[in-house]
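These notes concern the structure reproduced below.
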């Protein structure tokens, strides 16, 4: 009974904290949407997509193997410190990527690009901090980081609004919030990222790269292409302004992705501990519970969005954005989110079991379908309807993941899996 209440408490805390992050991002994007042009709004939305990509890289290169190691062997300390060095390098790379994209695509100033880059780096470090907190069963620390990030972002946004919203102000808001979100994680956590013991880091990380993360990265890159190929291709080919209608439609669906990513950090270590104890039944029970929660999040998000758009349509629709295109994009992305809500728990199940190669194989096939579909539809129909290519790719990936689970597990476990996939 105590474990049940603890689990409910962790879910509630994580959901509240991530909802706060999602709400703060939503308000920032709405402020940009109604204060600046479509191109600036599209760039901010694209920067958030890059942050999401950075957190995905962190999951593949650092968070997933770190969680498996800590959950299976109870090792925490010097034996796992090399992960912090790897994450520090990754944070620098993610920051450089965001700054470069801001300059190249958005034609922003160097200061604005620097701030977007710094905020992306801070986001990567904070994401691993949340992983560390959940892996060591300290959910309060992760929630405190989320809440500090959200509260300071809203305060900084209020100041920026009073001063007169600009792209530079938006980038500074992200930086200030990122710094605030690091405080609950502690100085020692941040300091570990500055470890200069490169030789030992390479020695410790090499077998992990060989056995796990090279496949995880391959899976991440192709999964990201499957999920966000439309965002990248439209922005790169047609520019941020063309991405604006889709970004406006995705505004209110972002809570689904944020909650999914956050709850993954709770369920992945739980599944990893179950597999380490050779308790596959418990691992599948975690996946089934995860699926039910994600469907509930999807239903609540869709219901809330429809209510808001019905009573306050001016929130998402502004002059310059065609209402029909925004509505079409919203419907397509809502279906995509439904498919990913069914897919994610089994995806995390394979991660917890260390089956990154199987994930990579499924995502590579889906990636090919998505990229080809998006490019063809983008060039023939237009940016909004090109999102159908993403939907097709997600369906292919879901089928591949279910097939991978079916091949591995015994009949009694397949029954649980089929219940999840139903």
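The backbone N, Cα and C atoms fix where each Cβ goes, and this holds for glycine too.
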Subject >> 7-29, 168-190 - the range that TrEMBL marks as transmembrane segment >> reply: 168-190
Original post:
Under an 8 Å Cβ to Cβ limit, what residues of the same chain, 6 or more beyond the ends of the transmembrane segment (140-162), are close to it?
Top reply: 13-14, 16-18, 20-21, 23-25, 27-28, 31, 35, 126, 129-130, 133-134, 169-170, 172-174, 176-185, 262, 265
**OP:** Grab the same-chain neighbours of the transmembrane segment (82-104) for me: Cβ-Cβ under 8 Å, and only residues 6 or more beyond its ends, written as numbers and ranges.
**Re:** 43, 46-47, 50-51, 53-54, 57-58, 61-62, 65-66, 110, 112-114, 116-125, 128, 171, 189, 192-198, 200-201, 204-205
